[in-house]
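Enquirer: Sending over a structure as structure tokens; questions will come in a sec.
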Amino acid sequence: QVFDQACKGVYDRAIFKKLDRVCDDCYNLYRKPYVAVSCRGNCYNNLVFRQCLEELFLGNGFNEYISGVQTV
């Protein structure tokens with residue numbers, strides 16, 4: 001499921017897919033179920049999501065991802 005009904009912002013399938021991909025990749029890196037769940041918590045607005053961005057070397061696109069988080 002790409003869309004989290006708890007998110008109250010704009011529904012944009014492309015943004016959700018992009019944010020969800022970060023969490024999927026982070027889970028694949030660590031293989032810990034709590035990583036995937038925590039990463040998606042609070043509509044991606046959390047420390048685990050930000051740490052995943054850094055661990056996946058997506059830091060140079062950090063602002064773009066955070067903007068997506070604020071949108072959803």
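Even glycines carry a Cβ here, placed using N, Cα and C.
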Enquirer: Please name the cysteine among CYS7, CYS23 that Swiss-Prot pairs with CYS43 through a disulfide bond.
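Expert: Between CYS43 and the options CYS7, CYS23, Swiss-Prot records the bond with CYS7.
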Enquirer: Restricting to the recorded positions CYS7, CYS26, CYS52, VAL72, which ones have a CA within 10 Å of the CA of CYS39 (disulfide bond)?
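Expert: Qualifying among CYS7, CYS26, CYS52, VAL72: CYS26, CYS52.
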Enquirer: Considering only the disulfide-bonded residues CYS7, CYS23, CYS26, CYS43, CYS52, which fall within 10 Å of VAL72 (valine amide) when distances are taken between Cα atoms?
Expert: CYS7, CYS43
Enquirer: Are there residues of the same chain, six or more positions away from CYS52 (disulfide bond), whose CB falls under 8 angstroms from its CB, and which are they?
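Expert: Sequence-distant Cβ neighbours: VAL22, CYS23, ASP25, CYS26, VAL35, CYS39.
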